[in-house]
Amino acid sequence: MAHVITRPCCNDGSCVEVCPVNCIHPTPDEDDFLTAEMLYIDPATCIDCGACIDECPVGAIYPDDELDAADEPFLQINADYYNDHDVDGGLAHSSAVPRVPSDRTLRVAIVGAGPAAFYAATALTDIRQVSVDMFDRLPTPYGLVRAGVAPDHPKTKGVETSFARTEKRRNFTYHLNVDVGTHITHDELAERYGAVLYAVGAPHDRHLGIPGEDLPGSFPATEFVAWYNGHPEFAGRNPLPAADRPSTADAGRAVVIGNGNVALDVARVLLEDGETLAATDIADHALAALNESPIREVVVMGRRGIENAAFTNAEFVSLADLDGIDVVIDPAELVLSDSTQRALDDGSLDSTIATKIRLAREFAARFDELDGLDERRRIVFRFLASPVEITGDDAVTGVRCVRNEYTAPGAVAPTAEQFDTAASVVVRSVGYRGRPVPGIPFDAERAVVPSTDARVTDGPGGDVVPGLYVAGWIRRGPTGGIGRNRMCGEEAAAAILADFAGGALPEPAKSADDVADLVAARGARHVGIDGWQRIDAAERAAGKEGGRRRVKLVTSEELEAVALADGT
Ligand code: NAP
């Protein structure tokens, strides 16, 4: 028997640290940890002790004889990793905490309240003489765990439990509903805190730069995700076309451009039935609108081939379990580059890519069987196709694409062939983009805050700005899930502690005790831990009535009304 890691894996490495035989890889100190889609248990060395099960924050690990039928493909996905990874059973990673002076205190401001921010805060507040003040412009914490993770992935939201332990620590303070840049400037933070860490994510969408991008019915995945997850800035903005909108398009089809995990989230949420979604914490306004939606087919359009598809194998294989939704792949779409075909033939292909191709071929094997079953809902994968225009006069009627071909490993170029796909909805899921933070350096080309080892520099490759740090997507760009952001947050915390220990932090000129009053005087309706706990309790209580995890409050007004109920 062995244990098996399944779809919700968040790569945070907690399991690695407790495994007594080091059978979970890649470990944080192995080269491919930062790029691995998930972690894998070596069935040959697992001793079934179960320590990893207790430690996993998202409940992703099972003994192989307790796997659901839906999770059985993960037996092979775990084993496949060890086809081309010869791991030596060395010691698992343990993060080194610099020794900090016991006679001095440090107060750190963290801007942002998502995973990178929380993992940094946890590492910092592990140290008694360090305290953290966390700022977020929303009245609710947890960043993309609340506003990004798809509602039908509740296990992934399990990481909130560890964040909730950190937020209750005595050396942790919330300043929620406070916009840094509006209610307090960066300079005001810098003069009050020994270190300021920005972990503000990458909240914007990227543009395709093609005609028709702004037609009604075309919208970025960032907006759709924020809307269905109840982000207050998107509460009143239903991006779906009105059900009665006159359209010459095939009203039942949506096209999603890009094939990352966000594209798969969007495809599932567009198609899942109302009953499935009603059991989640999806925003009620989205549930009502999706129940009215005519969409029956979602075409996921990737500009490169299957071998470079951006979705992870875990998310891809899990599509097979969706109730009433078929995954449709025409075998003719699964064209490989010459080099990948050669590596596949001689067994030298990277195991993650080989698994991706195997899974796609398994879906494609059902293509003929699904032909004609058009009354069922379906996710159709297309590859090697780039959009050149979103068509329509007053609203979206479809997408015009050019067919691509491989020119080198991983690189494609357009051919002369074009084709049209009719659709009433086009979701552009081509990645997130960071935006400048007022008062601190920004690398406009990469849309990140420039840094060296989490220390902010005054430009790309420039000098370190003492006391200023960055973590998460605004440091690295918008790739990698919770596990990668854990590493990034912990690296930033280690850099702060090392600089504290080495006397490299500037001495604050002022006390930070006035921050809540200062921001209130500028119009912020400050929410602290009590206010957030009131929101949390109200949402959970509302959820309990309907058997849901929570029912989200979605407008600033209702969130503030609950958070500030006793006037504080
Ligand atoms: P992503 O993984 O970077 O995918 C972006 C997609 O957009 C890729 O398919 C990319 O193609 C395509 N694209 C970019 N520019 C394009 C253009 N001009 N024309 C056509 N296609 C274009 O980004 P994401 O899906 O937004 O996800 C962000 C991160 O969050 C990822 O690391 C993802 O794994 C993670 N995430 C994880 C989960 C989960 O674990 N369940 C859920 C959601 C998100 P190319 O590959 O050719 O560039």
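Just so it is clear, glycine is given a Cβ too, placed from its N, Cα and C backbone atoms.
In the domain '4Fe-4S ferredoxin-type' (1-29), the DSSP tally of helix, strand and coil residues is 5 helix, 5 strand, 19 coil. TrEMBL lists 1-29 (among others) with the feature domain '4Fe-4S ferredoxin-type'.
The domain '4Fe-4S ferredoxin-type' feature in TrEMBL is assigned to 37-66 (among others). Sequence-distant neighbours of the domain '4Fe-4S ferredoxin-type' (37-66) (same chain, 6+ residues past either end, Cβ-Cβ under 8 Å): 1-26, 75, 77-82, 87, 89, 155-156, 158-159, 161-162, 312-314, 352, 483.
Sequence-distant contacts (6 or more apart, same chain, Cβ under 8 Å) of Trp473 (FAD binding site) comprise Ala116, Gly201, Ala202, Tyr432, Gly434, Thr479, Gly480, Asn485. Trp473 (FAD binding site) falls within a helical segment according to DSSP. Residues or ranges marked as FAD binding site in TrEMBL: Ala116, Leu144, Val180, Trp473, Gly480, Gly481, Ile482.
Under the heading NADP(+) binding site, TrEMBL lists Asn259, Gly260, Asn261, Val262, Arg303, Arg304, Glu315, Gly480. Cβ environment of Glu315 (NADP(+) binding site): Arg7, Asn261, Leu264 lie under 8 Å away, each six or more residues apart in the same chain.
Reported as a whole number, the C-alpha separation between Arg304 (NADP(+) binding site) and Leu144 (FAD binding site) equals 27 Å. Within its own chain, the domain '4Fe-4S ferredoxin-type' (1-29) is flanked in space by residues 36, 38-65, 67, 71, 74-75, 78, 81-82, 85, 87, 89-95, 119, 153, 155-156, 158-159, 314-315, 317-318, 481-484, 486-487, which lie at least six positions past its ends and keep a Cβ under 8 Å from the stretch. Put simply, Val262 (NADP(+) binding site) is 11 Å from Gly481 (FAD binding site) when counted between their Cα atoms. Of the listed binding-site residues, namely Asn259, Asn261, the sparsest Cβ surroundings within 10 Å are found at Asn261. Put simply, of the binding-site residues Asn259, Gly260, Val262, Arg303, the one whose Cα is nearest the Cα of Val180 (FAD binding site) is Val262.
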